[in-house]
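Undergrad: Sending over a structure as structure tokens; questions will come in a sec.
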């Protein structure tokens, strides 16, 4: 694919992530922090988000699997995941975390387990979408175009 076509594909895909509510304005701000002196900034921050999210999701699974569920610990994990998803603009993950925290306050184990599945699903969706966006960026650069980020 030629550079112009790749760039059009990138911009259309990028717009769809906002239109579908996967990303919000925070992601644009993250992109604006990337420049020639730090060309891998967005990839680095997004990769850290993936690592942190997977660790937190595993911690949440373990915490909810305990005989005596510590809702304060669960709430702390969800709060951390909400913060990290907010920082990169992963809007749907953040919104699922808000609902999750409400059920932690109510100490509702069944609802927390359902929310964990919802958060995990939203995380996996945004991860797939961001990986595709970053691959498109790499293809543009490899084809000789300027980074669209």
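Numbering starts at 1 and runs along the chain as displayed.
Just so you know, glycine gets a Cβ as well, placed from its N, Cα and C.
Predicted automatically and left uncurated, TrEMBL annotations should be read as such.
What TrEMBL shows for this protein is this:
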{"type": "DOMAIN", "residues": "38-143", "note": "domain 'HPt'"}
{"type": "MOD_RES", "residues": "79", "note": "phosphohistidine"}
Undergrad: Do you know the mean pLDDT across the domain 'HPt' (38-143)?
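TA: Value for the domain 'HPt' (38-143), mean pLDDT as a whole number: 96.
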Undergrad: Taking the Cβ of residue 79 (phosphohistidine) as centre, how many other Cβ atoms lie within 10 Å?
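TA: 15, counting other Cβ atoms within 10 Å of residue 79 (phosphohistidine).
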Undergrad: May I have the DSSP-based helix, strand and coil counts for the residues of the domain 'HPt' (38-143)?
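TA: Within the domain 'HPt' (38-143) the tally stands at 91 helix, 2 strand, 13 coil.
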